[in-house]
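Peer 1: Would you mind keeping the following structure in view while I ask a few things?
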Ligand SMILES: NC(=O)C1=CN([C@@H]2O[C@H](COP(=O)(O)OP(=O)(O)OC[C@H]3O[C@@H](n4cnc5c(N)ncnc54)[C@H](OP(=O)(O)O)[C@@H]3O)[C@@H](O)[C@H]2O)C=CC1
Ligand SMILES: CC[C@](O)(C(C)=O)C(=O)O
Ligand SMILES: [Mg+2]
Ligand SMILES: [Mg+2]
């Protein structure tokens with residue numbers, strides 16, 4: 001079945017320009033949605049707790065900041081862009097008491113609805129506009145006149161106008177410049193978790209680290225291993241982004257292309273695909289969600305251990321030194337990103 005796609009011409013920005021929008025959270029996605037909606041002529045306020053370290057940044061970028069409860073009270077469109085594990089408490093404390101029939105509750109990912117941590121009342125619209133890219137690039141693409149594709153889903157259409165509002169929202173953050181695909185909260189949540197765990201984040205990071213370790217353990221220079229297994233990955237993936245795997249194979253040498261066919265399936269073999277299916281099962285049956293939320297509720301000790309181990313991998317120190325020598329390889333988000341920490 002062909003996907004149902006939406007582009008700028010399918011949406012009317014004035015539908016959201018007439019609303020009071022509260023964006024809760026000002027991190028990766030929150031800052032991107034708030035700034036791009038504002039630049040699309042929407043009345044935006046940002047909801048952050050009194051002590052939030054994001055307050056100064058949002059204010060410096062020209063946005064009005066109030067507490068989450070105040071933002072929800074003022075708004076008829078409430079956008080939940082705090083971290084997924086924080087959303088359950090945020091909903092109970094600030095959103096639910098201020099929801100009135102006809103309001104819209106908006107998500108950037110379906111986790112809390114799909115796994116039942118948030119159960120909105122029947123009188124509100126519930127929809128999702130989920131960018132298929134990191135928030136800092138969602139904002140960068142919008143600012144440069146482009147966009148990151150989005151998945152759009154309506155879980156509840158209490159007003160009968162939820163789709164028009166969802167599409168207007170998607171247009172407001174630049175998503176319909178690239179294309180919006182109609183989906184469900186279930187499809188978005190399960191595919192997004194699978195993609196980030198098996199391929200985009202977990203799979204790629206483990207592949208890069210294993211390649212780096214294999215070369216350095218065999219006695220090759222760490223700097224050579226870094227360029228080979230990490231730095232050049234961006235250049236290869238850029239070609240895949242532009243023209244699929246086929247364009248990458250067109251540009252690399254015949255030697256590389258032949259080696260790709262011979263050795264790729266030796267690395268990513270049937271056993272890897274079997275474990276990918278296990279990962280997908282843990283997502284769909286709720287095992288992953290339960291483990292993540294239990295760890296978060298306990299103060300995230302397992303998460304902290306994972307981060308510490310990952311940040312102390314030798315590839316990070318080698319890369320830091322090499323990137324410092326390449327003036328053009330700079331962080332676009334230098335005000336925001338602290339080298340050597342995954343924590344935002
Ligand atoms: N990161 C991404 O690129 C993507 C994320 N998503 C989804 O978007 C949503 C947001 O994720 P992401 O942008 O990564 O989140 P972040 O981790 O970047 O969010 C951090 C922000 O939320 C604030 N915050 C934390 N707790 C609260 C609270 N209780 N009330 C209000 N604000 C709070 C933080 O404030 P402080 O500075 O004080 O800590 C900070 O401003 C999630 O549903 C995620 O799955 C979807 C697509 C991609
Ligand atoms: C790939 C990770 C992601 O799903 C994303 C940027 O799309 C996320 O949750 O951050
Ligand atoms: Mg994603
Ligand atoms: Mg995700």
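Cβ atoms here come from the backbone N, Cα and C positions, even for glycine.
Because TrEMBL annotations are produced automatically, they should be read as predictions rather than curated entries.
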Peer 1: Which single residue out of 135, 145, 147 does TrEMBL record at the NADP(+) site shared with 26, 27, 28, 29, 52, 54?
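Peer 2: Among the candidates, TrEMBL records only 135 at this NADP(+) site.
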Peer 1: These are the binding-site residues: 27, 135. Which one scores highest on other Cβ atoms within 10 Å?
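Peer 2: In terms of Cβ crowding, the pick is 135.
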Peer 1: Residue 135 (NADP(+) binding site) to residue 192 (Mg(2+) 1 binding site): how many Å between their Cα atoms?
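Peer 2: Here the two Cα atoms are 14 Å apart.
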Peer 1: Can you tell me which of 29, 52, 192, 232, our binding-site residues, come within under 6 Å of ligand 4 at the Cβ?
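Peer 2: Checking each Cβ against ligand 4, the ones under 6 Å are 192.
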Peer 1: Running a distance check here. Ligand 3 versus the binding-site residues 27, 28, 29, 192, 228, 253: which have CB less than 6 Å from one of its atoms?
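Peer 2: From 27, 28, 29, 192, 228, 253, counting a Cβ under 6 Å from ligand 3 as near, the near ones are 192.
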